[in-house]
Amino acid sequence: MARARGSPCPPLPPGRMSWPHGALLFLWLFSPPLGAGGGGVAVTSAAGGGSPPATSCPVACSCSNQASRVICTRRDLAEVPASIPVNTRYLNLQENGIQVIRTDTFKHLRHLEILQLSKNLVRKIEVGAFNGLPSLNTLELFDNRLTTVPTQAFEYLSKLRELWLRNNPIESIPSYAFNRVPSLRRLDLGELKRLEYISEAAFEGLVNLRYLNLGMCNLKDIPNLTALVRLEELELSGNRLDLIRPGSFQGLTSLRKLWLMHAQVATIERNAFDDLKSLEELNLSHNNLMSLPHDLFTPLHRLERVHLNHNPWHCNCDVLWLSWWLKETVPSNTTCCARCHAPAGLKGRYIGELDQSHFTCYAPVIVEPPTDLNVTEGMAAELKCRTGTSMTSVNWLTPNGTLMTHGSYRVRISVLHDGTLNFTNVTVQDTGQYTCMVTNSAGNTTASATLNVSAVDPVAAGGTGSGGGGPGGSGGVGGGSGGYTYFTTVTVETLETQPGEEALQPRGTEKEPPGPTTDGVWGGGRPGDAAGPASSSTTAPAPRSSRPTEKAFTVPITDVTENALKDLDDVMKTTKIIIGCFVAITFMAAVMLVAFYKLRKQHQLHKHHGPTRTVEIINVEDELPAASAVSVAAAAAVASGGGVGGDSHLALPALERDHLNHHHYVAAAFKAHYSSNPSGGGCGGKGPPGLNSIHEPLLFKSGSKENVQETQI
């Protein structure tokens, strides 16, 4: 297209609008200035508000890299600035006076990855304070005044990887305190000096956690860390962990580094580290350790670096295994490791330089050997094997030749930390001889016992079983679950030094005291110490020839049987008393029933006996009124005038009183009297005596013998 004549500018392409020069000048004059920190585009948004985006950096802050980094440190801020650029990725608000983090303070910072609020005066974080931060990766809140873990404030931080809460006056960590942020990989809870309580479920949900700091929290026990299945680094330094127990690190199979410096640890029990299969570095420096259990580090196949310096190690036979382990693991590094503190002759010596020539050691002694056990299939069972010290290691050999150690698990069978072989549910296939092997630096001692498992009798399943809860247990007293036998045979295999072998003993000792012999192990201890192992042996790998001898003797188990028999006698006495009382009550009831029956029989006989009748003559005038008396007299006159029969013409008046109406008895009496009189004849016979006078009427009254004893007519 040709340019028009006199036109100052070339024509615009088709579809483009032409801006007047005045409009462009107006926009240039009134556009807002760029931020002092680098001219990045920013948005203006008040905390918790919804104002439109601003293009400037906050006045109290400095911005760089196109406002993606905002630094507001040491500006005496009491609140979070309102106009933080929307594209900020790094926000530093450390060393200010911020006290409260309010709801939706950062909701417009969707690209924020690192938020530093450390070294403020934050005492409260409102619910929803971190809403709108889907990209937040690191949240630093250390050196503040928080008294509780702001659990609900972490609701929507789906990408949070690091959380720093160290050096806050937090007093307790409740259950599921961090389950809203399962993405956490690093959690710093160090220097919580007012911490008093950690819930058993405090760390539930942190399945991705790799690093945990609980140092300098005044902990007296290691909290439950089972849920941290992916934990790799654990800091426990600066606490007061006097004792490390077995199971303290249960479930931490991925842990690679464990720091326990300055933790006041004095004792580490046998099998305490058995769960740490992946451990590579262990720091136990600056503690109060004097010795370690035999083969403590043996299960730690990946352990490469161990720090044992600055501990008051007591160098004796218990540290020989450690000397051998150090020679194999860190042969050249002697600066990191233990040096003897006692005895005085070995003070300052590196433990890795010690050997058997410096000590006189003996094989371990089994204080509580296993006993033969008779149980029924399906029951739980235990075979105990305890020593007098925790500096030894305990293993078990099963009937099929499998070696069982603490930590090895066969579904139903396990070795507990005290050396006990535990069966949760025995089967008939478990029957056999089990051997306990106790080992220290000088040798090992074994003791065996037989486990007899009987099948369940379907007929007597509900009754007493072999070794069960009844008195008929096989080979047991009282049939308890222990199934103790009355007598058992102990076979002890010992080592006896041959003549002339004393010359091979180390210098500085005239004669080596004897090792564990039959009298020393079994006879010299408590009476119950020899109660029942089927066999026991002691071996010591010393540089001298030895001849094994066997001694067998029978040991009565008196303490167990006497107690069981005493309990059985008490039960029998109680049973006899109950039976006697029942028999006496039954006898008394029978006697009372017989007596009652006899009394009732006599009463029935009395009732069936007919009553004796009597006749009583009473004066009618006393009983009847005048009208009735006249009627009686007239009737008497008619009778005396001659009737056919005296009994048929004697009409007695109806009496008003029922108890005087006895005319039937009167008629019968008259008939009997005149029939027996020969001079009476026909109808003109004489009347009865006393009836000749109408003025003396008589009436016969009958009554029971019970009421009338004697009557005269």
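The backbone N, Cα and C atoms fix where each Cβ goes, glycine too.
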Have a look at Swiss-Prot and say which candidate in Cys317, Cys336, Cys436 forms the disulphide with Cys385.
Cys436
Tertiary contacts of the repeat 'LRR 3' (135-156), as residues 6+ beyond its ends and Cβ separation under 8 Å:
94, 99, 101, 110-123, 125-129, 162-174, 176-178, 180-181, 188
Provide the three-state DSSP residue tally for the domain 'Ig-like C2-type' (364-452): helix first, then strand, then coil.
3 helix, 45 strand, 41 coil
